[in-house]
Amino acid sequence: MGIQENGNGDVLKYKRMDSDAVEEDGVLCEEKGNDSSRKYVLVCAIFASLNSVLLGYDVGVMSGAIIFIQQDLKITEVQEEVLVGILSIISLFGSLAGGKTSDAIGRKWTMAFAAIVFQSGALIMALAPNFKVLMIGRFLAGIGIGFGVMIAPVYIAEISPTVARGSFTSFPEIFINLGILLGYVSNYAFSGLSPHINWRVMLGVGTLPSVFIGIALFVIPESPRWLVMKNRIDEARVVLLKTNENANEVEERLAEIQQAAGHVNAEKYEEKAVWRELLNPSPGVRRMLITGCGIQCFQQVTGIDATVYYSPTIFKDAGIKGNTQLLAATVAVGFTKTIFILIAIFLIDKVGRKPLLYVSTIGMTTCLFGLGLTLSLLGNGSVGIKLAILCVCGNVAFFSVGIGPICWVLTSEIFPLRLRAQASALGAVGSRVSSGVVAMSFLSVSRMITVGGTFFVFAAISALSVAFVHKCVPETKGKSLEEIEMMFQNNRPQQGGELELEDVKHLMQTQ
């Protein structure tokens with residue numbers, strides 16, 4: 001408050017000095033700027049995640065389409081396993097090539113290339129007259145998916161502000177779940193058509209997101225970290241100012257990125273040098289690889305793709321009869337998966353990565369073991385059907401609230417800039433290979449040890465993932481990408497910042 005005397009000696013008061021008013025206006029403007037920047041990054045993250053809808057849709061739609069493909073093309077059980085699982089195996093080639101491609105042409109145009117390749121494959125599959133042509137389309141779709149699942153989390157992590165990076169980087173997993181749900185709904189909606197037509201319509205609908213991906217190319221900018229790697233500093237500054245309107249913070253962040261990229265630009269890091277460092281890593285890089293590749297593999301070997309791809313088979317084993325009823329049950333799984341991935345968005349930057357991973361892996365272990373018991377002891381009854389649906393929905397819920405999205409968040413966070421693209425590609429390869437092995441062997445293994453016995457195996461693997469999270473995964477919430485790199489290099493991933501199992505109790509109370 002300020003004071004002033006009038007001519008009579010009276011003291012007059014006024015509300016606020018001009019400097020205070022200016023300061024208050026500055027705070028309001030900064031808050032508005034932060035809101036504007038956050039909305040811009042949100043739009044970029046959404047558009048960058050559209051490729052993930054394609055992957056999710058393919059996973060969801062194939063679970064139902066395969067029923068009618070069998071009837072129409074008269075394929076064998078082995079061909080069915082190959083058709084379903086080969087996409088994950090083929091996608092590893094796209095993931096491996098994605099790192100080099102994104103470093104050469106940029107993160108943005110790599111996403112565009114992924115969409116074009118996938119759409120070509122989807123059209124070929126929809127028009128395939130026989131199994132061989134269907135496999136050619138599947139091959140192209142797998143290549144496109146490999147590029148897409150590798151590059152989207154990297155791009156979002158590099159453009160997002162530190163405080164919201166976890167939420168934004170989980171967007172690809174959210175859109176995968178949305179795609180799965182749309183695939184399930186498509187199965188149910190078109191199941192009434194002729195078996196010669198319905199599966200073609202189901203697969204053909206998957207080409208529609210390409211329109212939105214084309215629009216996205218005119219909206220999203222290039223990654224500022226990639227621009228710095230190419231010595232395009234002024235362009236990087238412009239992008240950073242769009243994601244953070246505080247000029248001082250932008251200059252500080254730009255200096256950190258330049259320092260991180262300095263080794264790359266100073267020594268002109270070649271592709272061979274990058275792979276040489278990954279194949280003969282330093283202790284810090286080795287810890288990053290164990291964490292990044294390990295969490296990717298555990299995400300898949302716990303059987304999530306088997307649960308999604310073969311959910312009609314699981315429910316049929318539990319006692320549900322009729323294709324329409326089977327596909328209707330899968331829609332419930334899709335809704336559950338989508339709802340809980342949305343919950344994960346709000347929690348990942350508030351409670352941290354590690355507590356959610358504990359809740360996720362412990363919950364999945366419980367549900368997988370329960371599903372094994374249900375299918376082994378209570379099959380073909382109303383109680384068994386209800387428990388089977390409950391356990392499958394519980395499994396995908398726990399997956400979606402933790403290891404599903406956090407797997408991609410961690411992989412995009414923990415590697416240094418000079419290795420990030422290739423190391424993320426390596427992690428994606430581990431995920432895709434694991435997914436392919438599970439998808440291509442589920443029916444054969446189930447025939448040998450029963451469907452229930454197969455889920456006992458998944459439960460045992462899931463229990464191992466709890467130990468892996470406890471031992472090898474650090475907490476990265478609230479740290480910049482450069483700080484996370486130093487944490488691994490200084491051998492501190494299992495120290496100070498790590499949260500223990502007791503924190504899960506606090507998380508459950510807050511939920």
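Glycine too: its Cβ is placed from the backbone N, Cα and C atoms.
Here is what TrEMBL says about this protein:
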type     : residues : note
COILED   : 233-267  : coiled coil
DOMAIN   : 44-477   : domain 'Major facilitator superfamily (MFS) profile'
TRANSMEM : 40-69    : transmembrane segment
TRANSMEM : 81-97    : transmembrane segment
TRANSMEM : 109-128  : transmembrane segment
TRANSMEM : 135-156  : transmembrane segment
TRANSMEM : 168-189  : transmembrane segment
TRANSMEM : 201-220  : transmembrane segment
TRANSMEM : 326-348  : transmembrane segment
TRANSMEM : 355-375  : transmembrane segment
TRANSMEM : 387-411  : transmembrane segment
TRANSMEM : 449-469  : transmembrane segment
### Query
Counting Cβ pairs under 8 Å to the transmembrane segment (109-128), which of 135-156, 168-189, 201-220 comes out on top?
135-156
### Message
Over the span of the domain 'Major facilitator superfamily (MFS) profile' (44-477), how high is the average pLDDT in this prediction?
### Response
84
### Message
Need a quick answer: max count of Cβ pairs under 8 Å to the transmembrane segment (135-156), which of 81-97, 168-189, 201-220, 355-375 is it?
### Response
81-97
#### Entry: Top partner of the transmembrane segment (201-220) among 40-69, 81-97, 168-189 - counted as Cβ pairs under 8 Å
40-69
